[in-house]
Every structure is written in structure tokens, then in C-alpha cells.
Amino acid sequence: MHVSHVFNTCFFGGWGGAVYSQEFLPTYETIPEGASAVELPDITVELPDIACCFCPQAEFNGKSDSLFFNDGVRRIDFVLVYEDEDMKEIDKNRTFQKRKVSASLMKMGMELEAARSVVDEKLLFVKVHMPWDVLCTYAEVLHIKLPIQPNDLCTTSSPFNFLSCITKHFYPSEDLIAKETEYFTAPFEKDRLEYFYVKDRDLFFTPSMRSRMAYYILSRAPYEVRGNIKKFGVTKLLDGGVYKAAYPLHDCRFNVRSKEDECPNERYLLYNEWAHPKSFYKMQPLDLIRKYYGEKIGIYFAWLGFYTAMLALAAIVGLGCFIYGYTTQETSTWSKEVCDPLIGGNIVMCPQCDKECTYWRLNSTCESSKKLCIFDNYGTLVFAVFMAIWVTVFLEFWKRYQAELEYEWDTVEFLEQEEQPRPEYEAKCNHERINPVTRAKEKVPYTACGRCIRVSLGIGTVLFWIVLILASVVAIIVYRLAVFFSFSTRLQSDLKELEPFKEYVTAQMATSVTASIISFVVIMVLNILYERVAIWITDFELPRTKTDYENSLTLKMFLFQFVNYYSSCFYIAFAKGKVVGYPGQPVYLLGKYRNEECDPGGCLIELTTQLTVIMGGKAIWNNIQEVLLPWMKNLIFRYCTRVGSEKVIPRWEQDYQLQPIGKLGLFYEYLEMVIQFGFVTLFVASFPLAPVLALVNNLFEIRVDAWKIVTQFRRMVPEKAQDIGAWQPILQGVAILAVASNAMIIAFTSDMIPRLVYYWSFSVYPYGDHSSHTMQGYINNTLSVFDIQDFSNKSRPLQTPYWFNNSTTCRYRDFRYPPGHHRQYEYSIYYWHVIAAKMAFIIVVEHIVYLTKFVLSYVIPDVPYTVREQIKREKYLSQVILHETNLKLVTKRLKPTMNDNNTFLL
């Protein structure tokens with residue numbers, strides 16, 4: 001059989017695949033260059049007078065739930081929608097392109113039937129059906145795994161079966177969603193059909209398999225070939241407006257059962273047992289999700305459900321840590337000293353900005369110091385270590401669960417060579433090279449130099465946008481400095497009438513909240529702009545497969561989002577208040593703006609505020625985008641295309657009224673969850689309630705995503721996926737970074753280490769006056785003394801409060817020698833003790849946690865024992881079938897030879 005060179009080189013990249021007849025393969029040579037749509041070889045089809053479509057037209061038969069052609073026999077595998085145009089030049093070209101696509105589809109064995117819209121006379125719907133022979137051919141091309149025999153390995157019973165009477169209420173009803181029979185499977189081969197478990201040809205290929213194969217052909221159907229310029233694929237025609245839509249059909253309405261007897265009503269079952277709000281407490285029917293939407297959608301919801309379940313444990317511990325801090329805030333010794341009128345009320349603090357700021361009493365920060373106690377306590381240290389271990393356990397057990405799903409969903413051997421190249425890649429295959437594996441010639445879209453240029457341009461663009469984000473962070477820092485100066489001078493006078501709120505609204509808090517809101521707005525604007533740039537750059541790079549494309553885009557988007565979302569948090573945690581000098585010699589940013597200082601209680605409470613604003617704002621914004629916008633679009637579309645109640649609308653037109661799914665599918669859902677995962681793990685030491693908020697959000701997110709794809713969007717084209725792709729190594733990278741991040745937050749952002757150093761060393765002899773270890777005197781010991789005569793003219797306050805009297809000194813937060821000391825204003829011995837303790841803490845905690853992570857990773861196997869046994873059994877059965885088939889072929893060929901030999905002997 002002849003197989004085109006283009007198929008061998010572009011479709012399989014030189015990999016030695018099976019050989020198929022030319023008439024069944026979507027190649028560029030199928031339509032000769034310059035041939036018209038009605039003069040194709042071996043095709044003699046008269047064009048209908050109406051609709052200008054290259055397929056027979058049939059009137060709607062009035063069956064609104066029908067999933068078949070008008071004959072009631074041929075199933076609709078895909079639907080194309082286009083608009084009847086006037087015969088202008090541009091419309092003539094579109095009509096010609098549609099005719100060529102229809103011709104090439106029929107040439108490849110597809111069967112088409114057109115129907116006019118019931119709602120809009122201009123719209124036409126082309127229904128696509130794949131006959132049995134075409135299905136078998138492309139099942140082999142796409143290496144689809146199909147049953148060979150029922151699974152004969154007994155499953156081990158759970159030790160918790162005695163709780164089934166209780167747990168069954170948390171699972172979908174088995175009366176509605178029955179447990180599927182498990183089979184051993186093997187990649188389909190047309191010549192060995194008799195070895196596959198075919199009970200019913202109509203049900204052998206599931207609707208999702210049929211849709212996937214139909215889309216594979218549609219995405220490669222040529223409509224113009226001129227020399228080296230090849231134009232093909234329904235995707236390009238959709239972008240060009242030739243077709244209005246292309247989609248597989250939902251099997252019924254989401255809230256009403258189908259009237260057709262043969263309809264499985266899977267969409268209806270998914271809505272009632274999964275997407276409906278009343279089912280929020282039930283486990284997800286993952287097998288049905290995978291069966292209806294494909295493995296890619298199934299693996300996302302499996303990961304999201306597993307992540308949410310694991311968050312429950314982290315949320316319980318985090319909530320316990322928060323309750324511990326809340327109940328002990330009134331008993332904290334250092335907080336009591338801040339609030340005590342005789343201690344904090346007598347400590348005069350130095351101004352925090354030049355000239356306009358004035359002196360203030362320490363006890364004015366009483367409320368913020370109490371709030372800080374909620375998050376900055378010994379429970380936070382325990383929780384940070386717990387979360388470092390939790391994230392390792394989560395990732396290791398997810399790999400085990402993913403291995404089980406890989407086996408159950410037949411994606412264990414979903415290798416790169418089985419994934420076909422993207423149509424956009426194939427269209428650019430103009431350069432030849434020698435395949436390094438097969439040593440055969442193959443076509444590629446670029447030379448080695450061209451690829452280097454494309455990748456370099458992509459890297460350069462990403463780096464430019466990251467620098468742009470850093471510039472925006474610097475701008476927000478400048479805003480903080482300028483606004484803090486303004487708030488310090490005017491805020492208290494402006495709030496005279498709001499006396500109850502006066503003590504809560506400080507200059508630091510007002511600056512922090514407003515800067516967080518502005519930071520969030522900047523983040524969202526930069527996201528919208530960069531998204532388009534990232535997609536354009538990835539398109540320019542021209543990755544070979546859909547997986548390569550998504551991985552490349554994932555890396556670009558995550559790097560940008562990582563810097564965009566987390567840069568402000570890293571600034572507050574590790575930069576703010578760290579390089580401020582002292583009142584007599586402050587440090588200035590850009591030589592103009594005095595670096596802002598942390599509150600006397602530290603920057604931890606501000607980091608908590610920043611996390612709350614970004615996490616909360618992001619959750620609200622995402623829900624508006626994911627729920628409100630699609631719902632409103634569908635509502636407006638239905639209002640604009642409303643028809644009389646007497647008209648019956650067919651299934652394909654009901655689906656057309658839904659929203660199309662984006663080209664990137666669930667990319668944004670993954671990105672949203674991974675960014676959330678970063679907030680939960682990277683900064684959890686400053687905000688123990690982060691897992692609680694994430695858990696609540698995810699419980700809604702699962703049902704919102706389910707409701708969205710079941711009720712508001714057209715059915716997605718099913719895709720194969722073995723795992724969560726590039727997100728897995730990203731999660732592992734975040735988990736490793738989280739250990740260092742939390743250790744550094746506890747060491748440098750919180751006051752945990754200074755308090756421990758004071759308690760164990762400086763509260764007793766030889767540095768302290770107490771006879772036993774205590775926290776009494778901590779506040780006085782950690783505030784250095786400054787002589788107000790040492791102020792420079794640039795920073796000396798213009799006004800002094802009425803209560804200042806004749807004070808000659810003020811206090812500031814640092815560990816420096818007092819005025820009059822022979823090393824005045826230099827770092828004291830306390831400072832170096834604290835620095836040493838911080839470094840020792842980071843090194844010890846990191847090594848202990850990393851060692852624990854390594855041991856857990858080693859002890860917990862990635863693939864469960866039972867799954868390994870089942871995989872071995874399946875491979876054995878496949879080899880047996882292959883051996884028996886080859887043995888029969890050899891025996892069949894040897895029989896004539898043996899007969900000839902017997903005749904010769906006689």
C-alpha cells in the first residue's frame with residue numbers, strides 16, 4: 001500500500017507506525033493542487049442548490065433529543081456550524097473552502113448531513129458521522145486502548161468496609177451511576193479485531209473516543225494546497241470565521257432526561273450527582289467524568305479532589321494553631337508590656353519619617369501587638385514544620401493515586417510517540433533533517449538555528465516581563481514610602497470624628513491595606529496583558545505536540561505569575577524594615593525616600609494582611625470570571641435568539657447556544673490552583689488560616705467548575721492525558737522552596753528567634769538581672785536608645801507632642817549600643833547572638849525537614865503493589881495474544897509449503 005511521504009514524516013515524525021490506505025489518511029496529497037471542490041478524483045457528488053454545502057441536506061425530524069442522523073442509525077460524532085453568506089468575493093472564497101473541507105472529509109470516509117437552523121435561517125449545521133471501518137482505522141492510528149477481556153484479578157477489600165453503611169451516603173448513588181466493569185486492555189489493531197472484547201459494535205467505541213477521532217480528522221482536513229503552502233484544519237477556519245463553531249454533542253439536557261431510549265443520559269447524571277449544589281458533600285464520580293469528558297478533564301478533577309481532601313488535615317491543624325494564638329494573646333508577656341501604661345505608655349518612640357512625623361508612645365500599637373500574637377507564636381513554628389512534611393506526603397500519595405488512575409484509565413503507556421503532532425506544526429514542515437533515532441529523512445518546521453532564535457526570543461520576552469513586574473514592585477514601594485509620610489501627618493487629624501476607629505487605623509495599617517489593594521489591581525492588569533504575549537510567543541516557538549505546547553506555555557505563565565503574585569509578599573517578608581539604618585542616619589531609596597520601617601511588633605502582621613487581600617481578591621475575581629460571565633453570556637444569547645414556545649430545537653442547536661470552551665481548556669484552572677498552592681505553602685508560617693481559606697475555596701471550586709462545564713459550556717473534545725503534566729515538577733519545586741521560605745519567615749520576619757534568644761540568654765546572668773528565664777523586660781531590652789540631639793537637620797521632627805515634656809531620648813527597634821557608649825549606635829552583642837541563632841535555626845530546620853522529605857519519598861512507593869501486578873498481567877495477556885496471532889499467521893503460510901513437500905515425496 002502507498003503511504004504519503006507527508007504522513008510518514010510529519011504525522012509520526014519518522015517513527016515507524018502502521019501502514020494504512022491512502023484513502024483513509026488525511027494527507028495534503030488527497031486534494032491535488034489547483035483541483036476544484038467538485039472535480040476531485042473518485043468523488044462525484046452534485047452540489048445542492050441550497051446552502052452551498054458539499055453534503056446532502058435533511059430537514060429536522062422534530063426529535064429534540066436525537067443524537068443521530070435523520071435515518072436514526074448513524075450517530076452524530078461531531079457538528080460543524082457555518083453561516084450562509086452572500087456571494088461576495090470574500091464569501092465565495094469561504095464557500096470554496098467549506099466545499100473543499102467537505103470533499104476531503106468524504107474522501108476520507110466520513111459521512112455528512114446538513115440541517116438548517118430552527119432559530120436562525122442563515123445558520124447551517126453539518127453533522128459528521130464516522131463509519132465502522134473509519135473508526136477502526138483511526139483507533140489504530142491514535143493507539144486507543146480497548147478491552148481484550150474482563151479483569152480476572154480479585155481486588156483487595158478495604159479494612160474500612162464496616163463503615164460502608166455510613167460512607168455510602170457520601171458517594172454518588174450506585175443505582176444511578178453503576179460501577180463500571182474493569183477490563184484488561186491493549187492498543188487496538190484492526191487486523192486482530194477478533195481478539196478484542198466486542199459485544200456490540202455500536203457501543204465498542206465510546207462517544208468520547210468517537211469525538212476524539214473525528215476531531216483528529218477535522219483538524220487535518222485540507223482546504224488549500226499551493227506548492228509548499230498547506231492550509232488545513234477546522235481550527236484555522238474557525239479563527240478565520242469560515243465556520244462559526246465545531247463541537248461534539250452533549251448526550252442530553254443537563255436537567256432533563258432524554259426521551260430517546262438508547263441515550264445514557266450521562267450529562268444528566270453528572271449534573272445531579274456531581275455539579276448540583278445539593279451534591280456538594282459527595283465524592284466525585286471520576287470514572288463517569290473521564291468517560292464523558294476524557295482523561296484530561298478527569299485527571300484535573302481527580303487532582304483537585306485529592307488536593308482538597310489533603311487540605312482538610314492541614315486546615316484542621318492550622319485552625320488549631322490560630323485558636324491557640326487567639327486564646328493566648330491576652331497572656332503574652334511581651335504584648336502585656338506593650339499595652340501596659342507604666343511600661344509601653346512611658347516608652348517614647350522615635351519618628352518613622354523625616355520632619356513631618358513626630359514622637360509617639362509604644363502603647364499606641366497595643367491592638368496590633370495583640371493581633372500579632374495570634375500569628376506569631378510557638379504554635380506557628382510547629383505548624384510551619386508540619387506543613388513542610390504535609391506537602392511531601394501530599395505529593396507522594398498523589399503520585400500513588402495517579403498511578404492507579406493511569407492503570408484504570410489506560411494511560412500507562414501513553415508515550416510521546418503516541419501523541420500526534422499539532423496541525424499547526426505539520427503545516428510548517430518545510431525543512432528536511434535526518435531523524436537521530438531512525439536515521440530516516442523527516443520534515444521539520446525549522447532548522448536548528450531557527451529553533452534557537454525562536455527559543456531565545458521566548459526567553460527574552462519572559463525576562464522582559466519579569467523585569468516589568470519588578471519595576472511595578474519598586475513603584476509600589478515608592479508609593480508606600482510617599483503615602484506613609486502623608487498618612488503620618490494627616491491621618492490622626494482626619495479621624496478625629498471617628499473616635500472608635502482612631503486607635504485601630506494607624507499610618508502603617510492604612511499604608512499596608514491601600515498598597516495591597518493597588519498591588520492586587522496591578523497584578524490582575526499585568527496578568528491580562530502578559531497572557532496574550534505568552535500565547536503569541538508559544539505559538540511562534542511552534543511546539544510539536546499539544547503536550548509540548550501546554551508545557552511550554554505553562555512554564556512561561558507560571559514564572560510570570562510566580563513573580564507577579566509573590567514578589568510583593570517576598571518584599572514584605574524579607575526586605576521591608578531590614579535596611580533602615582537608625583534615626584540619626586536613615587537609609588534612603590533613590591536618595592529621596594526614606595526606607596519604611598516595620599511596626600514595633602514586626603512585619604509579620606503586614607504580610608498576613610497582604611496574603612489575605614490577594615487570596616481573597618483572587619478568589620472573588622476568579623469566581624466572577626468563571627461563573628458570572630459565562631452565565632450572563634448564555635442568558636443574553638438566549639434572549640437575543642429566543643423563539644416561540646411551539647418550536648422544537650434539536651440537540652445540536654441547543655449545544656450551539658452554550659459557550660465555547662477556550663483553546664487552553666483547563667489551563668487557567670490549574671494555574672489558579674497552583675498559585676493557591678504557593679500561597680498555602682510558601683507563606684503559611686505567617687498565616688496559619690491559609691489552608692482553611694484554601695479548603696473553603698476549593699470545596700466551592702470543584703462544584704463551580706463542574707457546574708460550569710456541565711451546564712454553561714459546550715462539550716469539550718476529549719483528550720488523552722497520563723498525568724497533570726508540567727504542573728507536577730512545578731508543585732515539587734514550590735514544595736522545596738516552601739521549606740526555605742517558611743524557615744526564613746520565622747527567622748527574619750517574625751520575632752520568634754529574638755524572643756527565644758532573650759528568654760534563654762539575655763534574661764538571666766550575665767546579660768540580664770532576672771534569676772530565672774523569663775520574658776519580662778523583653779520589650780525594653782529589644783528597643784535601642786537614641787539621643788534626640790543627634791538628629792540631622794533633614795530628619796529632625798518639626799513638632800513635638802504636648803506630652804513630650806523635656807525628654808532627651810527616644811527608642812527605636814534595633815540592637816545597637818546607646819549614646820555615650822564608646823561604640824554608640826553600632827550593633828550590640830545581642831544583635832550578633834540573634835543573627836547567629838537565626839542562621840543556626842534556618843540550617844537545622846532545613847536539614848531536618850529535607851531529610852524527612854527524602855525519607856518519606858523513599859519509603860512511599862510511587863506505584864502501589866496491586867497496580868504493578870495488574871500492569872504485569874495486562875502486558876502478559878497482550879503478549880500472549882500477539883504471540884498466538886503471529887503463530888497462526890506463520891502456520892497459515894507454512895501449510896502450502898508442507899503440502900507441496902508431501903506431493904513431491906509421493
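Note: Cβ is positioned from N, Cα and C throughout, glycine not excepted.
For reference, TrEMBL has these:
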- 68-286: domain 'Anoctamin dimerisation' (DOMAIN)
- 289-874: domain 'Anoctamin transmembrane' (DOMAIN)
- 300-326: transmembrane segment (TRANSMEM)
- 378-398: transmembrane segment (TRANSMEM)
- 462-487: transmembrane segment (TRANSMEM)
- 507-530: transmembrane segment (TRANSMEM)
- 553-574: transmembrane segment (TRANSMEM)
- 673-696: transmembrane segment (TRANSMEM)
- 724-748: transmembrane segment (TRANSMEM)
- 829-851: transmembrane segment (TRANSMEM)
The recorded stretch from 300-326, 462-487, 673-696 sharing the largest number of CB pairs under 8 A with the transmembrane segment (507-530) is 462-487
Outside the transmembrane segment (724-748), at least 6 residues beyond either end, the same-chain residues with a Cβ under 8 Å of its Cβ set are 299-300, 303, 380-381, 384, 387-388, 391-392, 395, 402, 547, 550-551, 554-555, 558, 573-574, 578, 604, 607, 670, 674, 677-678, 681-686, 838-839, 841-842, 845-846, 849-850, 853
Whole-number mean pLDDT, the domain 'Anoctamin dimerisation' (68-286), equals 83
Residues outside the transmembrane segment (378-398) whose C-beta sits under 8 Å from one of its C-beta atoms, at least 6 past its ends, are 303, 306-307, 310, 313-314, 317-318, 320-321, 324-325, 680-681, 684-686, 688, 691, 731-732, 735, 738-739, 742-743, 745-746, 750, 752, 845, 848-849, 852-853, 856-857, 860, 862
Long-range CB partners for the transmembrane segment (553-574) (under 8 A, at least six residues beyond its ends), listed in sequence order, are 458, 462, 465-466, 469-470, 473, 476-477, 516, 519, 523, 526-527, 530-531, 534-535, 537-538, 603, 606-607, 610-611, 614, 618, 664, 667, 670-671, 674-675, 678-679, 682-683, 686, 725-727, 730, 741, 744-745, 748-749
